[in-house]
Amino acid sequence: MAFEDSLAKGVENTKISDAPVEAEQPQDQNAPNGASAAKKKKKNKKKKSTSTANAEEATNGTEDNTNEEGAEDDNDNEESTPAVGAEGASEGAAKKKKKKKNKKKSPKAQTEPPTVPVAKLFSNNVFPEGETHEYRDDNTWRTTSEEKRAAERLANDDYNDMRKAAEVHRQVRSYARKAIKPGMSMIEICETIENGTRALVEENGLQAGIGFPTGCSLNHCAAHYTPNAGDKTVLTYDDVMKIDFGVHVNGRIIDSAFTMHFNPKFDKLVEAAKEATYAGIKEAGIDVRLCDIGAAVHEVYDSYEIELDGKTYDIKPIRNLNGHTIDPYHIHAGKSVPIVRNSGDETKLEEGEQVAIETFCSTGRGYVIEDGECSHYAKAFDAPHVPIRVPRAKSLLASINKHFDTLPFCRRYLDRIGEEKYLLGLRNLVSSGIVTAYPPLCDTRGSYTAQLEHTILLRPTCKEILSKGDDY
Ligand SMILES: [Co+2]
């Protein structure tokens, strides 16, 4: 998820008012309806996948995700890879006992679309380490330091949570990259990713779930676009789409993004973002100044240009977008990581920090402004304790506290938990400074933007690229 330079940011977002009239807001027919559905969900989390596309799996695969890890680990020797729906026979609460005994399938592979919780694929609940890199220069001593190794052992549970979220991210995006095609609606695209995330992480209140709204910003829009209900936008062959999605386990968020395109004429733009982000990751480390990361990124972008339809464009970094540190339940923690040189920020990264290294480039001016209907919101981490007089705002805040706390959410997520007619209440919370609106961030019309993002961890002994996969 992008971090916008605070200079360009106003607290109050007037764009909220150009939302569709509440009464006309189409009901997301895939979502459970009404407050009763939300209550039901609380009792019986993670039983349902909400997509019609996944309806089949919901009655088969995901149905038996609950509380059976122990039983499974003990008696499952079969190596067979389950087809989707292989567990369909074991349906219904009445059969639960029997199911425990007879259940033979221990999935060793993910389904398509993804429905198998990663906890079932790594039955000891130890998730794979990301790609590690030794520190350089004055920090080479860390690699073998006994003291630093001991520090890591103490933090191992937190690392494992991050790695679990990263594994979910990898598996969900692996499918998304194959399945997403021109002709799909933006809502279908987001639900493909979100259904996968909810199933694989075994969404459970604030303990595990989606880290922030699925960004699918198109072309000149660089970040913070996800469709609201009723958005009819359809992906086309000539679109450049930034897929930026998050997964969290116990508040440990993995924030990772990539760019999809279908027309090879955009190859250079997408390659530039990837190379620049990797330069930033390479530069990052304990005691490294933020400005030096920005300079390393910028240098890569300097070497890129692209020819589009007979015209040559410089590929520029988007100077008011940044990487950022991440704290538990806090996607944009204290530090922002510039992607241009001469930022002047000599703040250093420190041991233990989790950092989203993300860079954006553009064929436009290399500067984004807020443009378009807002979808993304988050309760401010330092939300003021002000009395709320508007009842609807008060009840909406209670719902936000319960379902998202300080994790970013979007209007579609409010719809699916059964909230209705919330736009005025939401506007009230935004103007009180309790909730922050994050409208789409766009460069000039007609330009194209690309992004690549990884979450890294500055462990005491090494740098770990948590979200690294075999794709990027
Ligand atoms: Co981010």
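FYI, residue positions are counted from 1 along the chain as it appears here.
Each residue, glycine too, has its Cβ placed from N, Cα and C.
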Item checked: Candidate sharing the divalent metal cation 2 site with His324, Glu358, Glu453 (per TrEMBL), from Asp238, Asp239, Asp255 -> Asp255
Notebook entry, point to check: Which candidate from Asp244, Asp443 does TrEMBL annotate alongside Asp255, Glu453 at the divalent metal cation 1 binding site?
Noted result: Asp244
Item checked: Inter-residue C-alpha distance, His324 (divalent metal cation 2 binding site) and His332 (substrate binding site) (nearest angstrom) -> 6
Checklist line | Model confidence over the domain 'Peptidase M24' (161-371) (mean pLDDT, whole number) | finding: 98
Check: Looking at the binding-site residues His224, His324, His332, which sits with the largest number of other Cβ atoms within 10 Å of its Cβ?
Finding: His224
Next item on the list: Compile a sequence-ordered list of residues in the same chain as Glu453 (divalent metal cation 1 binding site), six or more apart from it, whose Cβ lies below 8 A from its Cβ; state 'none' when nothing qualifies.
Entry: Asp244, Asp255, Ser256, Ala257, Phe258, Thr277, Gly323, Ala356, Ile357, Glu358, Thr359
Next item on the list: By DSSP assignment, list the helix, strand and coil residue numbers for the compositional bias 'Basic and acidic residues' (130-144), in that order.
Entry: 8 helix, 4 strand, 3 coil
